[in-house]
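S.K.: Below are the structure tokens for one structure; questions will follow.
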């Protein structure tokens, strides 16, 4: 049996003077895919071991944040620019225009607060024909490799919001039970299957709730929701806090206590939870959102053991105001790192 190789591979073969065919055996494709996946996981594993060993040698950390990039954009329903976000966020984190301390006084240059294990090579994996089912498994396994190196905890840089499903699945499976999830977003991302794609960035929280990976799901900043979004919310018992009632809900949201009786708290921040006045570099611009200080007040006041987090949907291709949204995403990462590390 023979299969056609991926489009990029075909173009490469067509450009090559030594290539006389554009098909390879199914077994050869599978072997190649396995090698690429194994190499990708080995890369994350060895980096995590190195950073974990460093933190353990320094001592004194019960939990330490480790960045993991997942540059995935193809599950977006509109623009795929979020795939380019992780390097831009990293650049902004260490930008010389600001210092390396968080608002609560933690020093990011201390490896016990923040380390970095690099990116899952999403495009390389997809180029060899790996489908989304397996890609999601690779993302989950990468997160678990980080968590194996105590006291590292994952802070994932997206990428579109589809990455939250494999990440939260991995955190829940690795810890041995569900977590409470605080989800800040303009959209509930809970469609059953958006535009025929079960892994769409608009369906990630349906997959999370179906899998039993979250006990409580609190969605904050919602202002673009339709009938299906509300029905799905009721189906899964989601606590949806819409922007139209934010002034009424503020006291509750700035006094959250989560994670009791489960394995901890996971925080997922879609940058478009913010009003576009604060973060214009997103694919889905939705006016009427949270201020940046609203978000920080919610994060700073949250009581609970934060076991992981992600920052997603920053689109550098739309960040036209002198990199402002990159700095916003970086500030979110910095404050999340302070929240996770202890």
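Glycine residues also receive a Cβ, built from the backbone N, Cα and C atoms like all the rest.
TrEMBL: automatically predicted annotations, no manual curation.
The Mn(2+) binding site annotation in TrEMBL covers 161, 185, 187, 189, 270, 272.
Surface or core, plus neighbours and distances: that's what I need for these features.
M.R.: Counting every protein chain shown, the Cβ of residue 187 (Mn(2+) binding site) has 25 other Cβ atoms within 10 Å.
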S.K.: Mind giving me a neighbour count for residue 161 (Mn(2+) binding site)? Other Cβ atoms within 10 Å of its Cβ, every protein chain shown.
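M.R.: Step by step: centre on the Cβ of residue 161 (Mn(2+) binding site), count other Cβ atoms within 10 Å, giving 27.
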S.K.: For the recorded Mn(2+) site, whose residues are 161, 185, 187, 189, 270, 272, find every other residue on that chain with a C-beta no more than 8 angstroms from the centre of their C-beta atoms, and list them by sequence position.
M.R.: 183, 186, 188, 201, 273, 284, 312, 313
S.K.: In sequence order, what residues of the same chain, 6+ apart, have a Cβ less than 8 Å from the Cβ of residue 270 (Mn(2+) binding site)?
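M.R.: The list for residue 270 (Mn(2+) binding site) reads 161, 183, 184, 185, 186, 187, 189, 312, 313, given in order along the sequence.
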S.K.: For the binding-site residues 185, 189, 272, which one has the sparsest Cβ surroundings, going by other Cβ atoms within 10 Å?
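M.R.: Fewest other Cβ atoms within 10 Å, among the binding-site residues 185, 189, 272, is found for 185.
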